[in-house]
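K.L.:
TrEMBL feature annotations, pasted as is:
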type	residues	note
DOMAIN	1-67	domain 'G-protein coupled receptors family 1 profile'
TRANSMEM	20-40	transmembrane segment
TRANSMEM	52-75	transmembrane segment
TRANSMEM	110-132	transmembrane segment
DOMAIN	124-369	domain 'G-protein coupled receptors family 1 profile'
TRANSMEM	182-204	transmembrane segment
TRANSMEM	224-242	transmembrane segment
TRANSMEM	288-307	transmembrane segment
TRANSMEM	319-340	transmembrane segment
TRANSMEM	352-371	transmembrane segment
Amino acid sequence: MIADLLVERKTISFEACLAQIFFVHLFTGSEMVLLVSMAYDRYVAICKPLHYMTIMSRCVCITLVLIPCGVEVAMKERVESHQMDENQTEVVREFVLAGFSQTPSIEAGLFVLFLLFYVSTWVGNVLIMVTVASDNYLNSSPMYFLLGNLSFLDLCYSTVTTPKLLADFLDNEKLIPYDLCIVQLFFLHFVGAAEMFLLTVMAYDRYVAICRPLHYTTIMSRGLCCVLVAASWMGGFVHSTVQTILTIRLPFCGPNQVDNFFCDVPPVIKLACADTFVIELLMVSNSGLISTSSFVVLVSSYTTILVKIRSKEGRLKALSTCGSHLMVVTLFFGPCIFIYARPFSTFSVDKMVSVLYNVITPMLNPLIYTLRNKEVKSAMRKLWDKSGLTWKKQET
């Protein structure tokens with residue numbers, strides 16, 4: 001604005017205009033979220049003065065400041081006259097998903113395999129949710145409260161893509177309407193980003209439990225856990241909204257072959273009849289930044305835990321406690337960073353990597369947490385014995 005006061009011709013390039021819109025809404029949304037955090041700080045200071053320093057610790061303050069802020073990118077109406085004649089433009093109404101194979105026998109085998117994966121995902125995650133909800137100790141523990149929420153997110157995440165994949169194994173055309181494609185893309189990033197933020201919250205929970213055990217129950221109160229879970233969902237919603245808005249503003253008028261078994265940002269925007277360089281840059285900076293920064297925060301937190309523990313026995317105990325978390329983090333974040341933290345170019349292994357974090361990881365998470373956790377296994381045995389006794393009483 002100051003520069004324009006000194007020049008007669010007040011012009012701005014399209015890229016600079018987009019960048020200006022992005023950062024205006026980025027910092028405005030950040031300030032809104034920060035003002036809400038400051039209101040929560042005053043509430044704790046006045047209503048819980050004795051616990052103020054414990055609840056509003058430096059780590060909690062940093063977490064609240066770094067909560068994903070509102071990023072609302074509004075774009076100018078696209079100008080397409082330099083690319084094609086409007087009279088020759090044909091709007092794409094549906095996409096064709098590439099799938100894995102065109103051979104019926106192979107697809108029949110894949111259908112059975114992925115159906116087993118999906119059923120296992122449902123059984124494992126529902127079992128964890130029911131176990132946590134039915135056991136008083138697990139339900140009152142912050143770690144298992146977060147684990148129950150993670151299982152719910154895993155269930156939702158797998159459900160976004162797997163049912164359509166199973167249906168396509170039995171359908172030669174593999175069509176998906178444009179609207180349904182956008183809905184799938186939205187919920188994929190909504191649930192996926194929420195899970196990333198929740199895994200970061202779980203890492204913070206482990207840090208407090210190991211490094212500040214005497215204050216653990218005070219810091220990780222049920223109220224704070226609910227706030228952090230809600231913030232994870234809100235962060236996922238904001239992230240997904242940005243991705244979806246940027247996608248639906250693109251014109252689709254030519255090829256409609258999506259090179260994957262579901263609708264995702266990278267393969268879909270490749271089909272746009274416009275220059276997508278700026279859009280790709282914004283999307284990579286959004287998705288790639290969230291994936292990479294969350295992974296760095298997670299690894300840093302676990303490294304800090306190990307560094308702060310001096311004794312060998314303590315480190316072994318910390319490794320046994322955090323080992324399952326590290327395994328889940330690696331399985332989930334590794335493929336996501338590979339897909340989203342690079343320019344949108346296609347590799348032959350992209351489909352297999354997508355299967356890993358869309359289908360395999362939600363199925364493995366219950367196994368990873370239950371096989372290494374005595375408390376969860378004990379609660380499951382109690383639940384099994386209790387259900388068995390109830391069944392016998394009904395028979396008699």
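Cβ atoms are placed via backbone N, Cα and C, with glycine included.
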K.L.:
Can you tell me which of 182-204, 224-242, 288-307, 319-340, 352-371 gets the most C-beta pairs within less than 8 Å of the transmembrane segment (110-132)?
P.N.:
352-371
K.L.:
Taking residues 6+ outside the transmembrane segment (352-371), which of them lie with a CB under 8 Å of any CB in it?
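P.N.:
The answer is 114, 117-118, 120-121, 124-125, 127-128, 147, 150-151, 154-155, 157-158, 160-162, 165, 260-262, 264, 324, 327-328, 331-332, 335-336, 338-339, 377, 380.
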